[in-house]
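Feature list (source: Swiss-Prot):
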ACT_SITE  HIS701  active site, proton donor
BINDING   ARG23, GLU24, LEU25, LYS26, LYS121, ARG522, CYS523, TRP568, GLU612  5-methyltetrahydropteroyltri-L-glutamate binding site
BINDING   ILE438, GLY439, SER440, GLU491, ASP606  L-methionine binding site
BINDING   ILE438, GLY439, SER440, GLU491, ASP606  L-homocysteine binding site
BINDING   HIS648, CYS650, GLU672, CYS733  Zn(2+) binding site
Amino acid sequence: MTITTENKTVTHILGYPRVGSQRELKFAQEKYWRGEIEQNELKEVGSLLRHRHWGDQVGAGLDYVSVGDFAWYDHVLNTSMLLGHIPKRHDNGFPDLDTLFRIARGKAPTGCSCAASDMTKWFNTNYHYIVPEFTEDDQFNVSWQQLFGEVAEAKKAGHKVKPVLLGPVSYLWLGKEKEEGFDRLSLLPRLLAAYQKILSKLEALGVEWVQIDEPVLALELPKPWAESFKLAYQVLNGNTKLLLTTYFDNITHHLDKIVELNIDGLHVDLSAAPEQLNAVVDALPENWVLSAGVVNGRNVWRADLSHVLDVLQPVKAKLGQRLWVGSSCSLLHSPIDLDLETDLSPEVRQWLSFAKQKCREFLVAQALDGNAIAIQECAKYSAPIKARATSALVNNPDVRQRTNAITAALAERTAPYAERTRQQRAALNLPLLPTTTIGSFPQTNEIRTQRRDFKAGYLTEADYNTALKGHIADAIQRQEDLDLDVFVHGEAERNDMVEYFAELLEGFAVTRFGWVQSYGSRCVKPAVIVSDIYRAKPMTVEWTTYAQSLTDKLVKGMLTGPVTILGWTFPREDLPRQGIANQIALALRDEVSDLQAAGIKIIQIDEPAIREGLPLKESQWQAYLDWAVNAFKISAASAEPQTQIHTHMCYSEFNHIIKSVAALDADVITIETSRSDMELLKAFEEFDYPNEIGPGVYDIHSPNIPSIEQIVHLVEKAETLIPIERLWINPDCGLKTRNWEETEAALRSMVEATKKLREQWQEKAV
């Protein structure tokens, strides 16, 4: 078969990681924020990375390079900037890069500091975005030129470009009203006028196709929102072709509306929802292209290209050149380059594929076009992932036997909360409004250097452990000086709250350069679950008991919960998520038992990821919540009644799942609430949460120091919903990313505010 441009299968990705394989963007951003480099130097790093990443795509043979997927903080904030949609407190007339940073962080090298905008999770991922703020009188004005500059930049380099835009309906959905009494959907006509201008500018730049992302189509949308797409895409129709992109789940429940839209192509995620393919193909209008998202942008596993070929060959036969092949979603969620991972075992390495390698998996398009050599290469490429199913490394009979023996009783504490709290109050003897922190303290340059030197072999294990004990002792003394009530050991030994446990539990592979952006300059390095999971020995007991030996105050044991470990790693794909979570839960249960036996009276099991793990469709939530809650309870249920179990949730908009949060049966839950001005506590207006709660009283993601008055205001607001005897006082989240000066100043305000509140309460009691 002769391949021509007429019948060639077009290849593209929905986006590429932006931080750089060595986190170049992160380090440049942080230098700029500290005033160590000028803005033009930061922009040079961005340009260098964009050209490198376009080169990766072209080098892999992709037909289009994605432009507009680069962002200085996140792509939703980029969209706000593009639309001139700036919160009034940050609006200085003409938006620039420092405007963007002030919206995201509350401060920038120029301009006045003020409250950062809210930040939340991007659908069910561990990526975050800055939430757009909508008011009734909002206007949209295309004023920030970054997208158009990048298109010109890529075209000048000789690339065939496909700009990436967040669609108007999704943009509105992802924001929130800052005023009561109006619906942000009413802003759609005004917003569409701005989008028309954007598309006209792209057309003038010679753009043929625009990728317009509408991921909310995977949700079960309210009727007015679902119907709004018809208006949106009537208005946006023009000479530039629109590829409507959906991802993360099935969209067939909206298919009848989608096929009526005035667009030129549809992208569907066949990694997350392969079952939708036939329905989409059957309904596809005859003049549309179908972009099949078959290269998984959310995992690190090598694609089974032989299977992909089998699935797509009938579609190719039916659609011909109207079939495109793409990534399931943006490759933003994948690490960048597997070639850097020289420390992984050869057996594990051959199962994996990172963003750069995933671009090469579009070899399958050549196979679809009938290239015999490509068909053979697809079979060769797929062989390791097929052989993995029978690898002795993957399956552990003892772990399977233990998980198969799980019963309902294994997930229950030996006493109900009412009895536990009575015993705990007697055993712990804490004051009204106990003060504590969430777990981590600043990871200083000294700590990071010592960890790096230890891993490189420049520091012996004995010397490293001595250094860590010094950092723990320092953290304990600082807490003594601050007069906190419940201490933490500070987690100096942990580089990451999940990776630390992944290194100590059997069943994980840990990478060196597998960084993935979480938000802004914050990157995480998810471990990979390659086999059955179990605990070979205690993981945290030594450090926790050492910290406890240094003080008469209570020191919390600190664990990361099973759902979060699962959610913040790359899971294996041959076991259901519930089964993996139960394996982790049993390992943590053993750790809880050992901490308790060592005299630790408060144990925190963090579950910040429980909300983000929810399926996108609300009708599927309860099934997920049932097994997620059960996994947490399995991990905690070995605790005796007098042992107090804490859990922590951050960025968790859990108002809709409050009953499941209560079902965790944690004695104390701490949550992020300050950035939303305690808005998350609205859940407690209608639901009487039975246990103790610590609503975060200041935002640790901002370097701004809270005042005593601000904290008092937030606690008084919380007190209207939670009885004061069940309130704890704590920051929103861990303090790992802050420096000690900021940390101590903020905690000093928190403790002083608490003492002031106690005095007020005592005066009331008299």
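Even glycines carry a Cβ here, placed using N, Cα and C.
This view paints the features noted in Swiss-Prot onto the structure.
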residue	record	Cβ within 10 Å
ARG23	5-methyltetrahydropteroyltri-L-glutamate binding site	18
LYS121	5-methyltetrahydropteroyltri-L-glutamate binding site	22
GLY439	L-methionine binding site	24
SER440	L-methionine binding site	23
CYS523	5-methyltetrahydropteroyltri-L-glutamate binding site	19
ASP606	L-methionine binding site	25
HIS648	Zn(2+) binding site	29
CYS650	Zn(2+) binding site	22
HIS701	active site, proton donor	23
CYS733	Zn(2+) binding site	26
Binding-site residues near GLY439 (L-methionine binding site) (Cα-Cα within 10 Å), from LEU25, CYS523, GLU612: none
Local backbone state of LEU25 (5-methyltetrahydropteroyltri-L-glutamate binding site), from DSSP in three classes: helix
Shell of the L-homocysteine site beyond ILE438, GLY439, SER440, GLU491, ASP606, same chain only (C-beta within 8 angstroms of their C-beta centre): THR437, VAL488, MET497, MET558, GLN604, HIS648, GLY734, LYS736
Between ARG23 (5-methyltetrahydropteroyltri-L-glutamate binding site) and HIS648 (Zn(2+) binding site): CA-CA distance (Å): 28
Residue pair LYS121 (5-methyltetrahydropteroyltri-L-glutamate binding site), GLU672 (Zn(2+) binding site) - Cα distance, angstrom, rounded: 13
Site extent for 5-methyltetrahydropteroyltri-L-glutamate, whole Å (max Cα pair distance, ARG23, GLU24, LEU25, LYS26, LYS121, ARG522, CYS523, TRP568, GLU612): 28
Reduced DSSP assignment, GLU672 (Zn(2+) binding site): coil
Cα separation, CYS733 (Zn(2+) binding site) to GLU612 (5-methyltetrahydropteroyltri-L-glutamate binding site) (Å, whole number): 16
Mapped DSSP class for the residue listed as 'active site, proton donor', helix or strand or coil: coil
Using Cα positions only, nearest of the binding-site residues to GLU672 (Zn(2+) binding site) (LEU25, ILE438, CYS523): ILE438
